[in-house]
Amino acid sequence: MPLAEGSTFAGFTIVRQLGSGGMGEVYLARHPRLPRQDALKVLRADVSADGEYRARFNREADAAASLWHPHIVAVHDRGEFDGQLWIDMDFVDGTDTVSLLRDRYPNGMPGPEVTEIITAVAEALDYAHERRLLHRDVKPANILIANPDSPDRRIMLADFGIAGWVDDPSGLTATNMTVGTVSYAAPEQLMGNELDGRADQYALAATAFHLLTGSPPFQHANPAVVISQHLSASPPAIGDRVPELTPLDPVFAKALAKQPKDRYQRCVDFARALGHRLGGAGDPDDTRVSQPVAVAAPAKRSLLRTAVIVPAVLAMLLVMAVAVTVREFQRADDERAAQPARTRTTTSAGTTTSVAPASTTRPAPTTPTTTGAADTATASPTAAVVAIGALCFPLGSTGTTKTGATAYCSTLQGTNTTIWSLTEDTVASPTVTATADPTEAPLPIEQESPIRVCMQQTGQTRRECREEIRRSNGWP
């Protein structure tokens, strides 16, 4: 249960909640002794209860607290109170790049602004790498901008020390990666292999791609498909998304290479090449060999956990991806065979509308053309048909339900899970009840909640919602 405003936790006075996710909540809180307000992150009790997790949390929080850099959100303190781990960080009064994309630049940010952001974050990452600390969760949501409309704005990277543990024994991080971080994670991180700074460089490049185009490099409603694309698909050419960015194609081809050895050795090398191609300073052919900093390997037991847990999760997701891919090819064949029948024409009040088959790719914008009495409008839909309650990303994208209603990729309250919803804001926890199916084993809450969201928003039965979500997610 979230902490109430005015309540006290570990000596901090809660001012208000700033956000929440699958691992806990973040609050604006008054420091117990100093005249300042901090960001207090409180982890859930079930997360905090894991002994190995707690030890790693304390170890990495201590390491993060040693970082002192103008572009890193500082960690001041950490502890445990009433069975919950907490960490005290700088409060950044401003926004994040996800909000900037949503509110100001839905089709991508200006090149000079992206260069400034990526350069600042690259410097922060290389500073941490030199001190043998990885971030492992670089993404737009973790890039904060203080005083965004002021000349003295600050760009800061958040969540060092508490984000992206790929060997999380509780499975929470792996679950989170399937719906969010997976859009930016390097192949070796998804496979649970040993990491160095080039994994963060990959994530930084994927983030830059998103900032420049308005969407991450690989997109699909099913996270399993995105994982398979990170592992095997060629890096997308950014010029195919935004033609004027074609000069950046070789930069992203290198930065998003599957093998770490083929990428830029340091994050600032990538930022320099990006800035040069966008018209800033830097050397596009900077091939100086800078040895990546190898982060100290964890104990053998942790490596074994990584080798077992992450590939196990990945194997399950890849099975899903194969099923989805086969289904997509079959559907594509069916559509090609029946293309004339799939284009339907309806006439109403002298207006003819041709509707092409739905596509998961982002088509070029279409402008209706009017021709007097026989007005004709031809439009290609910009969103795929989706199932309410099914997994989705990126956050803020839109789709169309089978009834023609607009669906929004929104966050399910109290989790990091993003699902299709008929409401644009955070999806409230469902209140509808459902009769248990005696033929089905009880589902975990993370699977049951989206089903009930579907029931509540669409009026369908539990079985109907479950089957639609199962098909959409590619589950067997």
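Glycine residues also receive a Cβ, built from the backbone N, Cα and C atoms like all the rest.
A quick note: this is a predicted structure, and the numbers were derived from the prediction, not measured.
For ASP137, the entry in Swiss-Prot reads active site, proton acceptor. In the three-state DSSP scheme, ASP137 (active site, proton acceptor) falls into the coil class.
Of all Cβ atoms in the shown protein chains, 19 besides its own fall within 10 Å of the Cβ of SER20 (ATP binding site). Residues annotated as ATP binding site in Swiss-Prot: LEU18, GLY19, SER20, GLY21, GLY22, MET23, GLY24, GLU25, VAL26, LYS41.
Per Swiss-Prot, compositional bias 'Low complexity' is recorded for 338-376.
Swiss-Prot lists 12-279 with the feature domain 'Protein kinase', giving sequence analysis as the kind of evidence.
For THR8 (phosphothreonine), the same-chain residues lying six or more positions away in sequence with a CB closer than 8 A to its CB are ILE14. Taken from Swiss-Prot, the feature phosphothreonine covers THR8 (among others).
Around the Cβ of THR13 (phosphothreonine), 17 further Cβ atoms fall within 10 Å across all displayed protein chains. In the three-state DSSP scheme, THR13 (phosphothreonine) falls into the strand class. Per Swiss-Prot, the feature phosphothreonine maps to THR13 (among others); the stated evidence is similarity to another entry.
The phosphothreonine annotation in Swiss-Prot covers THR173 (among others) and is backed by similarity to another entry.
The feature phosphothreonine is assigned by Swiss-Prot to THR175 (among others), with similarity to another entry given as support.
Taken from Swiss-Prot, the feature phosphothreonine applies to THR287 (among others), supported by similarity to another entry.
Taken from Swiss-Prot, the feature phosphoserine applies to SER290, supported by similarity to another entry.
If you look up Swiss-Prot, you'll see 332-376 marked as region 'Disordered'.
If you take the C-beta of VAL26 (ATP binding site) and look for same-chain residues 6 or more apart in sequence within under 8 angstroms, you find GLN17, LEU18, GLY19, SER20, ALA39, LEU40, LYS41, VAL42.
Each residue contributes its Cα atom, and for THR13 (phosphothreonine) and GLY24 (ATP binding site) those atoms are 17 Å apart. The Cβ neighbour count for GLY24 (ATP binding site), using a 10 Å radius and every protein chain shown, is 22. A gap of 16 Å separates the Cα atoms of ASP137 (active site, proton acceptor) and GLY24 (ATP binding site). Mean pLDDT for the domain 'Protein kinase' (12-279) in the predicted structure: 88.
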